[in-house]
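Heads up: the structure comes next, in structure tokens.
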């Protein structure tokens, strides 16, 4: 049995005694020996909540998801309930006079069972204020485990160290029956088989054994041995045909529930194993186990169902909800099923029977006549209609050839064998020298080995090309020209896809000339076209279009190097295929609910022709057959992505897209016609920007006006000195509360009155007063502003400042006559041309003055000479005045 086991999350902590999964959230609950309870998100690996419950060990804990609770039982004899969203304690009561070992929650009723070292099991009702409904007595030692029967929740089983398992019914005080296990030591764990096909339960004991029981015949079906120490637990997996057991020897063992043989032994390095949980819905086959040094969450595979769809709509699958994994079912998709959008199809299901292996893959032959079931190292080929065995054998992997009469497989020795008409072709072989991991079907035989993919010719086994890629899947188009290789990253998750073109002619030419490298093949055989950076979970080719589902629950298609979304889903979906008869792709979820999504074949054909450079043919021959606005919109979006803007503009029925395309191609008038006055401001602004780029200023003004883009209008009006437009803009800006923009508009327009009124409106009285005085608004107007200024100062408690403010007579530009003269007269300010003339006049006047400078200077000196002489005779200030001296006679 192949199990893709991955460690999803592991955390070190104190000893984990109890563990449980939340049914819908990615949470795991752990109860610790230290008395703590921890809630972890195993997808983000972040602790959601931690609660210190008590100082004694907490041995049991469960989610009660429908109430948003967790319930725990501990060695202080108490049961506590917490709201896991808030951490608030809901209830706390003493449940037993001894340690509480196990807790079980009824799947539908408000009941909780608790098993204890006091030798009893008790039933509690949370809707009745956690009243004790019933006490079940009869065990002679510690009750280690209690479990409800999922097929009949009115009964439950209890496992005890007295080496018995008792089965009880709610409401009855005595057990229905007691199983004496025959195990040499006590029973640590008991669990029911979850599916309806087998009346089994399982027990784990300190005598190192695991026993499977038929509780109807009360007989032991099988005994499993292999652990080296006490077995702490053993459980049936809810979806896989396996049993998981854990022991104090530190290992987890995975057993085949059909053959009861060990398939895998795991040691995660966390010492002794104490507890187990399986995801209640089987999501990604999660299991979680608690150990001495922490806990781990493991994924035993993905959620992809095992199914196959043939070319005419016949579906075959194994397992499913409430069915064993080996059960095979079929249904026919007729294409006329009427369902609501996003609702599954109502299909008539028929059971074909069961197979002797655990089916790990189902595959129809290319024509749908045969179905292969592969699992447990075997393959069986059945006829699709009667489900009769056609061929069988041992294999590690199996793929169909290009026709329904040929196939290849990996045999027990690891060699590839080729069969034609159900007989081995002994003369056929492939030159492989390393271990083979997997085979891929298609136009060429794909072989995965050692991190490479090898492509071989089906006819003669010749190596066509070796490609260095760690492939998860290889998907070929129907015409054998295109191939999508789904790559995996280092974690084994889907990382990306590569679209390759197979050059068959180049390969045949090299083969004819004998130019094939033995280790690399033909270099020119494949060309890489595109890389698809998506997490691909499943995919199919429809023509040259690749349709696929993603890990983010999207249905997309990839064409021309671009990805387009078709639909979103709330859960993970897997692509079954495309039926041209219905124009639909079909998908299924993990429970094999089938969904259909309509897709236009004409749209795909149009895109295919366009990518081949035949766009004229696509427009002439295919486009007239395309119906519906959605299909035309998809084509227009595709053409836009391929930069066919003119063609997309002519085709698109979507007004928004046409507007965007009209801007791209410069058809501004068309873009204007597509808009209305009520259109979004963003579109008008985009039109305005495009108009500016093409110097269409008139259209730019109209667009910015409708967009209410005042800043852009200010740029335009000020650039063209449009005073009327600036005044209108200023008023609009003032109404919009954009006072700075409004003032600038008034200022550039020369509207001093408007600027003054705006300053007063915004209570900028000081600036308004100086503005009015400087630009000659009149003393009366200035005094009115000053009065308001003073009143505002007084109102704000600035009386001293108010007293110092003068009126118009103290401001620059005032006059005694009351008619203020402006210091700067905007109206009389000369224009640039007049200013140049004045400057020339000043130059001429300076030359005239310079020519007469000598005469002027001489005249000035004559006038200043006697004055200078007189001044020299006078003493300076502060100098002593000498006494007059008499002349000698």
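Cβ from N, Cα, C; glycine included.
As written in Swiss-Prot, here are the features:
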type: COMPBIAS; residues: 836-864; note: compositional bias 'Basic and acidic residues'
type: COMPBIAS; residues: 866-879; note: compositional bias 'Low complexity'
type: MOD_RES; residues: 326; note: phosphoserine
type: REGION; residues: 806-889; note: region 'Disordered'
type: REPEAT; residues: 11-41; note: repeat 'WD 1'
type: REPEAT; residues: 53-83; note: repeat 'WD 2'
type: REPEAT; residues: 95-125; note: repeat 'WD 3'
type: REPEAT; residues: 138-169; note: repeat 'WD 4'
type: REPEAT; residues: 182-214; note: repeat 'WD 5'
type: REPEAT; residues: 226-256; note: repeat 'WD 6'
Quickly jot the same-chain residues contacting the repeat 'WD 1' (11-41) by Cβ under 8 Å, restricted to those at least six beyond its ends, or write none.
47-63, 65, 70, 72, 74, 82, 84, 103, 270, 274-281, 286, 288-297
The number of other Cβ atoms within 10 Å of the Cβ of residue 326 (phosphoserine), counted over all protein chains shown, is 20
In the predicted model, what is the mean pLDDT computed over the repeat 'WD 6' (226-256)?
94
With DSSP helix as H/G/I and strand as E/B, how many residues of the repeat 'WD 3' (95-125) fall in helix, strand and coil?
0 helix, 18 strand, 13 coil
Quick test of the contact rule: Cβ under 8 Å, at least six residues beyond the ends. What residues does that give for the repeat 'WD 5' (182-214)?
141-142, 144-151, 157-165, 220-225, 227-236, 238, 243, 245, 247, 255, 260, 322-324, 327
DSSP three-state assignment (helix, strand or coil) for the residue listed as 'phosphoserine'
coil
